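**Student:** Take a look at what TrEMBL says about it:
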ACT_SITE  Glu276  active site, proton acceptor
ACT_SITE  His277  active site, proton acceptor
BINDING   Tyr101, Gln161, Asn183  NAD(+) binding site
BINDING   Ser206, Gln228, His231, His277, Asp310, Glu364, His369  substrate binding site
BINDING   Gln228, His231, Asp310, His369  Zn(2+) binding site
Amino acid sequence: MNLELESYVAQILKDIRERGIEAVKEYSRKFDGYDGEFLVSEKEFEEAERQIPEKDKEIIKRTIERIRFYHEKQLESDKLYIKNASLYGIIYKPIRRIGIYVPGGKPLPSTLIMAGVPAKVAGVKEIAVTTPPKNGKINPYILYVAKLLGIEEVYKLGGIQAIGAMAYGIGMKKVDKIFGPGNRFVNEAKRQVFGVVGIDSLAGPSEIAVIADETANKEYVLYDLLSQLEHGKGSKAWLLTTSKELAEYCRKNGIEVVVCESLEECAEKANEIAPEHLEIITKEPLKLVDLIENAGAIYLGEYTPVPAADYFLGVNHVLPTGGAAKFSGVLTVMDFMKRISLAYVSREEFLSERYLGIRLAEIEGMEMHRKSMEVRR
Ligand SMILES: NC(=O)c1ccc[n+]([C@@H]2O[C@H](COP(=O)([O-])OP(=O)(O)OC[C@H]3O[C@@H](n4cnc5c(N)ncnc54)[C@H](O)[C@@H]3O)[C@@H](O)[C@H]2O)c1
Ligand SMILES: N[C@H](CO)Cc1c[nH]c[nH+]1
Ligand SMILES: [Zn+2]
């Protein structure tokens with residue numbers, strides 16, 4: 001953890017907590033050069049829609065359909081069973097109100113598709129979107145995607161101040177959970193507000209690792225590596241290869257190259273890195289999958305480049321970075337839902353099994369627990 005970043009972000013969040021909307025306005029002026037209404041108006045939505053060429057509207061609709069198709073398969077149904085005339089299980093409920101952060105340094109409408117579609121599939125009722133304005137405006141494609149998804153609450157707010165506003169309910173109703181990726185400031189702010197609200201994962205600056213052997217097309221591999229560096233500051237790219245020739249070809253533009261003795265060694269290095277995306281472009285890529293423990297996403301073969309997954313395959317592009325793939329994973333529909341345990345116990349089962357609870361309550365010295373079970377007839 002970068003302590004300087006941690007205390008920098010903590011100080012801004014504290015100021016936002018203490019001074020509320022005045023602090024949010026001040027940071028918005030300072031970091032985004034914006035000094036106006038935060039909530040996007042109906043007129044601005046209409047203006048944005050007029051700016052989008054019809055051809056692009058079709059592209060966006062078709063993309064949303066592909067993302068929706070993939071995510072609908074993730075919906076889990078309640079898991080209930082009956083035993084001794086008692087009902088037990090887990091039921092799932094959508095989170096009531098969420099916030100989605102859409103990056104705006106380089107505006108990413110595709111990210112609103114990636115977070116908004118699974119939220120809708122899960123049945124989330126209230127969605128607030130924040131994204132930083134540029135020259136006082138929000139990218140029209142972001143507003144068009146919001147409109148298509150039926151999201152009306154969009155705020156011209158970026159960075160730490162957006163995360164603070166959503167978490168503490170400043171200038172808007174507080175959200176229950178914050179979704180969406182962002183730069184290191186956004187990512188650290190999300191980490192720090194966890195507990196006040198839920199967060200999806202630590203989805204920071206983009207990363208790619210490619211495991212490739214001598215059969216890989218050099219040009220494909222190089223462009224894939226460069227694609228994620230294009231996201232800018234903090235992005236990382238690693239090539240893990242058994243081919244010296246490929247290594248030399250890719251040793252440029254900040255790409256970190258590691259030459260390994262075997263593909264097994266490449267897999268072990270990938271596990272240490274725990275990259276956001278891992279491409280495997282080898283003669284038999286499927287053979288390596290079993291060896292991979294840590295990666296946000298694994299893409300196999302020559303025709304599954306990360307940019308295809310970023311935009312149109314259907315898989316989600318909101319993924320853990322910075323080693324967080326060791327303990328968390330890709331955004332799914334179920335991240336927008338809560339698990340609730342359910343039990344409806346029959347008299348017979350309760351009376352015959354309660355001796356277990358009564359004895360455990362005695363062991364723990366919990367008198368009222370024991371009583372609660374014993375008192376029933
Ligand atoms: N992991 C994922 O799933 C995923 C997906 C898409 C994008 N990304 C990443 O998201 C990131 C988006 O970054 P971005 O910068 O384009 O957009 P962003 O919206 O995350 O950050 C821009 C905001 O940061 C704030 N900011 C900038 N400098 C600051 C400073 N010095 N102090 C305080 N606040 C400051 C400003 O408010 C600005 O509006 C990229 O790194 C990209 O790789 C990750
Ligand atoms: N590669 C990013 C996830 O790390 C997602 C993205 C959006 N637009 C382009 N790429
Ligand atoms: Zn990308």
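Any Cβ shown, glycine's included, is placed from N, Cα and C.
Caution: TrEMBL annotation is automatic and unverified by curators.
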**Student:** Applying a 10 Å Cβ distance cut-off over all chains shown, what neighbour count does Glu364 (substrate binding site) have?
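**Tutor:** Step by step: centre on the Cβ of Glu364 (substrate binding site), count other Cβ atoms within 10 Å, giving 10.
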**Student:** Do any of the recorded positions Tyr101, Gln161, Ser206, His277, Glu364, His369 touch ligand 2, in the sense that the CB is under 6 Å from one of its atoms?
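**Tutor:** Near the molecule: Ser206.
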**Student:** What is the number of other Cβ atoms found within 10 Å of the Cβ of His369 (substrate binding site)?
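**Tutor:** So the Cβ neighbour count for His369 (substrate binding site) comes to 15.
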**Student:** Is any of Ser206, Gln228, His231, His277, Glu364, His369 (recorded positions) within Cβ reach of ligand 1, i.e. under 6 A, and which?
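**Tutor:** The ones that qualify, in sequence order, are Ser206, His231.
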**Student:** Should Asp310 (substrate binding site) be counted as helix, strand, or coil on the basis of DSSP?
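**Tutor:** DSSP assigns Asp310 (substrate binding site) to helix.
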**Student:** What does the structure give for the C-alpha distance between Ser206 (substrate binding site) and Asn183 (NAD(+) binding site)? Integer Å is fine.
**Tutor:** 9
**Student:** Looking at the recorded positions Gln228, His231, His277, whose Cα is closest in space to that of Tyr101 (NAD(+) binding site)?
**Tutor:** His231
**Student:** Quick check on the recorded positions His231, His277: which one has the highest count of other Cβ atoms within 10 Å of its Cβ?
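**Tutor:** Selected residue: His277.
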**Student:** In whole Å, how far does the CA atom of Glu276 (active site, proton acceptor) lie from that of Gln228 (substrate binding site)?
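**Tutor:** Between the Cα atoms of Glu276 (active site, proton acceptor) and Gln228 (substrate binding site), the distance comes to 10 Å.
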**Student:** As a check: which entries in Asn183, Glu276, Asp310, the recorded positions, place their Cβ less than 6 Å from an atom of ligand 3?
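**Tutor:** By the Cβ criterion, which requires under 6 Å to ligand 3, the hits are Asp310.
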**Student:** What is the total of other Cβ atoms whose distance to the Cβ of Gln161 (NAD(+) binding site) is within 10 Å?
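**Tutor:** Result for Gln161 (NAD(+) binding site): 30 other Cβ atoms within 10 Å.
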**Student:** Starting from the Cβ centroid of Tyr101, Gln161, Asn183, the recorded NAD(+) site, name every other residue in that chain with its Cβ within 8 Å, sequence order please.
**Tutor:** Pro103, Gly104, Thr130, Pro132, Leu157, Gly158, Gly159, Ile160, Ala162, Ile163, Gly182, Phe185, Val186, Ala189
**Student:** Relative to the Cα of His277 (active site, proton acceptor), which of the binding-site residues Gln228, His231, Glu364, His369 has the closest Cα?
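**Tutor:** In terms of Cα distance, His277 (active site, proton acceptor) lies closest to Gln228.
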**Student:** Among Ser206, Gln228, His231, His277, Asp310, Glu364, His369, which the record lists as binding substrate, how far apart in Å are the two most distant Cα atoms?
**Tutor:** 56
**Student:** Relative to the Cα of Gln161 (NAD(+) binding site), which of the binding-site residues Gln228, His231, Asp310, Glu364 has the closest Cα?
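**Tutor:** Nearest listed residue in space: His231.
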